[in-house]
Amino acid sequence: MGCNRDCGLIAGAVIGAVLAVFGGILMPVGDMIIQKTIKKEAVLEEGTIAFKNWVKTGTEVYRQFWIFDVQNPEEVAINSSVIKVKQRGPYTYRVRYLAKENITQDPETHTVSFLQPNGAIFEPSLSVGTENDTFTVLNLAVAAVPHLYSNTFIQGVLNTLIKKSKSSMFQKRTLKELLWGYPDPFLNLVPYPIPTTVGVFYPYNNTSDGVYKVFNGKDDIISKPRGCVDAASFPPFIEKTRVLQFFSSDICRSIYAVFGAEINLKGIPVYRFILPSTAFASPRENPDNHCFCTEKVVSKNCTVFGVLDISKCKEGKPVYISLPHFLHGSPELSELIEGLSPNEEEHSTYLDVEPITGFTLRFAKRLQVNLLVKPAKKIEALKNLKQNYIVPILWLNETGTIGDEKAEMFRNQVTGKINLLGLVEIILLSVGVGMFIVFMISYCACRSKRVN
């Protein structure tokens, strides 16, 4: 009887030990299975989950616009006063609904090239007005003249055409004209061939970004950024310490985001990465930005921060990009603009990234488009200005969130299986260790009684 009891206790302990060992073995094996599956499905090639979502996003993406309506145009033009603005919006368009085109894989370099078609569809139900709403805004063509033509003789000739077209420093334009383009009356009078259509995003519809070439992750999915052009996806197995690098055509440069917080998005754990204030800092604060300071006067010898001069990729037009309402910008940027209220929650940019796959499941890209206008004695519309102005034209909020159906599919196919495997590992290990300890204690107690 005692021998049978001892054998039973020992057998129980052995079973517990086996379960514990099996649970311990299952952990690294399970992790290897997960990593192998994720690495396979994260490659940008035909047949993978990443490729399907990369070619055409299954998420509805919207771009909201707020226009800065100038309240005192004559006062500014005559007296060089502080510009009073009132933001109006949102006016919402659906964007990024077109699939990537001319997708070409290069097996030798493990890269894929493509074009990203542009298109925008107005969404009246998500807007405060119509595309025919009018605004008083800076005259884009007139403001650009001193930058494009520094020769005073040419400025004098162009001034004649500006006056003849009855153009001034400010103008009234509809939302549709301001965003997507309008024939400018002043440029129409220029006697030599130049583009005469002007708009903040002209041309846009029926155009494409690219050609882009990115790594597809076939040879190295971890260390080589995979398809990081629109921040739709990043290498899998993201750590909180990682800096996410991606290219943005809106600002003509690479930008980065850093970890901010852990978020639960529709039952999916994600990491929120935010655009830090250092991204637009002056070179003195962030030496990595030294190459983005391209002139010394407006930037006050590269000490002004919070704005980015992108005129080099806008054919010389004096376009400056910032965060909305000059968030994280130098105080002097808003000294000449009345009506701005920077707010971290409303105006910051963020990405919610699922860390195992590296897929971006929600994002908010927020930017402000500004135009530099400066005094020009030969141009009557600008001759009374006493200082340079960086004038906000509009700010935008481009957002996208994984839909409920896709979120459920993601939970079932990715996070659900990973959580289940992890739970099985923990249960086996815990039960095994528990059984081993209990049976060994019982065995020792039984042996102690028999000795006594």
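Note: Cβ is positioned from N, Cα and C throughout, glycine not excepted.
Listed in TrEMBL for this protein:
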- 7-29: transmembrane segment (TRANSMEM)
- CYS228-CYS291: disulfide bond (DISULFID)
- CYS252-CYS313: disulfide bond (DISULFID)
- CYS293-CYS302: disulfide bond (DISULFID)
- 420-446: transmembrane segment (TRANSMEM)
- TYR443: site 'Critical for TLR4-TLR6 dimerization and signaling' (SITE)
- LYS449: ubiquitin cross-link (CROSSLNK)
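Projection of TrEMBL feature records onto the structure.
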residue: CYS252; record: disulfide bond; Cβ neighbours (10 Å): 17
residue: CYS291; record: disulfide bond; Cβ neighbours (10 Å): 8
residue: CYS293; record: disulfide bond; Cβ neighbours (10 Å): 19
residue: CYS302; record: disulfide bond; Cβ neighbours (10 Å): 16
residue: CYS313; record: disulfide bond; Cβ neighbours (10 Å): 12
(request) Would you mind reading off the Cα separation of CYS313 (disulfide bond) from CYS293 (disulfide bond), to the nearest angstrom? (result) 14
(message) If I take the alpha carbons of CYS291 (disulfide bond) and CYS302 (disulfide bond), what is the distance between them in whole Å?
(response) 10
